[in-house]
Amino acid sequence: MAIHRTVLMCLGLPLFLLPGARAQEQAPPGCSPDLNPLYYNLCDRSEAWGIILEAVAGAGVVTTFVLTIILVASLPFVQDTKKRSLLGTQVFFLLGTLGLFCLVFACVVKPSFSTCASRRFLFGVLFAICFSCLVAHVLALHFLVRKNHGPRGWVIFLVALLLSLVEVIINTEWLIITLVRGAGTEGDALGNGSAGWVAVSPCAIANADFVMALIYVMLLLLCAFSGAWSALCGRFKRWRKHGVFILLTTTASIAVWVVWIVMYTYGNRQHNSPTWDDPTLAIALATNAWAFVLFYVIPEVSQVTRSSPEQSYQGDLYPTRGVGYETILKEQKGQSMFVENKAFSMDEPASAKRPVSPYSGYNGQLLTSMYQPTEMTLMHKAPSDGAYDVILPRATANSQVTGSANSTLRAEDIYAAQGRQEATLPKEGKNSQVFRNPYVWD
């Protein structure tokens, strides 16, 4: 008997090991034999849809992460305060888009308790976050396009957060009701009338029920779509392009939702292909998330650092007073245009000062006019003085000697000009007015 038992054990041992060996042999091409069968869709080369969606979702995760960093890093460079108030909502939108790309992996992986629960809860919540941000942005655009000033940034973010929390409450209640159901069998067996609770698999749900749980998300999508149309009407046209971005995004989202709902509830069943339910959800997530990135996120990031026309106009009239070397040179150059030569403006009255250079009328012609004494010279001139009168010359329009390249009147030029005039003019009596060098005594 002992020998027979030993023989049976030796023959039965391979039978226990045979299912494991068969499972290892049935691993699809491209997957490791030690890999959990739950993740075969991620590496199965015979069904390439999982690998393609995995690559698309991975690229989306990287792109969304980079755009989030760019948007946050551009905060100090945003000149328009109205655009700065929308940055919080747009970052919240990017986080929702990043979650959609990550949820694609849960739809590619084969159904289990954790994957089905995450699909049912996060599918509606993540889309609700994105569409709530679009609704809040549309609400802000209604004020901006008509009054050129909108609500504060925390108000816009609070609106998006409250709208998305509604879907969180709906999905939480739905999961509690469907996953934990009361069954009176155990309570009746105990005889105390208490109800027992039996856990139900989250995957055991009809496709139509899954779609019906997303009615609130569809309502948010329709609100964003209709609000984008009304945001295109207003006096301030520079805000209309943001409404166009939202309109394109919601239009693409509506098209994606119509297609995947029809395929998920009707098309797959008609073609007897229930195995395409998971690819349908994964394709819908990846397509709509990329629509968010291409039609809304990238255009908004490109517009966030651009200044408003009002700021550009004010910058032309009142340039920013910086501390750079070029700014100092410009200011000195602008001020030097109106600085007088103090040697020739000592006798100017204070009321006659104007921000115009006294040499601005010089035309470069030969000195032909006679120099006239100023008021101060006539007041201090004694009647008996004749040949030794000191006359302070004034700079006039024709106060330059031929060949001089400088517009400033110099004493040497005055002396040379007066010397030529004294040689040509006839000498008169002592009382005659003689124009002499004001700096040299005879």
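Our numbering is plain: 1 for the first residue shown, then up by one each step along the chain.
Backbone N, Cα and C define each Cβ position, glycine as well.
Of Arg240 and His271, Swiss-Prot records each on a different side of the membrane. Note on Asn192, Asn406: Swiss-Prot annotates N-linked glycosylation site at Asn192; no matching annotation appears for the rest, which is not proof of its absence.
Outside the transmembrane segment (281-301), and at least 6 residues removed from its termini, the chain residues within Cβ reach (under 8 Å) are 49, 53, 56-57, 60, 63-64, 67, 70-71, 74, 90, 93-94, 97, 100-101, 103-104, 107-108, 119, 123, 127, 130, 134, 241-242, 245-246, 248-249, 252-253, 256-257, 259-260, 264. Contacts between the transmembrane segment (86-106) and the transmembrane segment (243-263): absent, as fewer than 3 C-beta pairs lie under 8 angstroms at sequence separation of six or more.
Beyond its flanks by at least six residues, the topological domain 'Extracellular' (264-280) meets 41, 49, 53, 107-108, 110-111, 207-208, 210-211 of its own chain at Cβ-Cβ distances under 8 Å. Same-chain residues lying 6+ beyond the ends of the topological domain 'Cytoplasmic' (231-242) with a Cβ under 8 Å from its Cβ atoms: 137-138, 141-142, 144-146, 148, 299-300, 303, 308-309.
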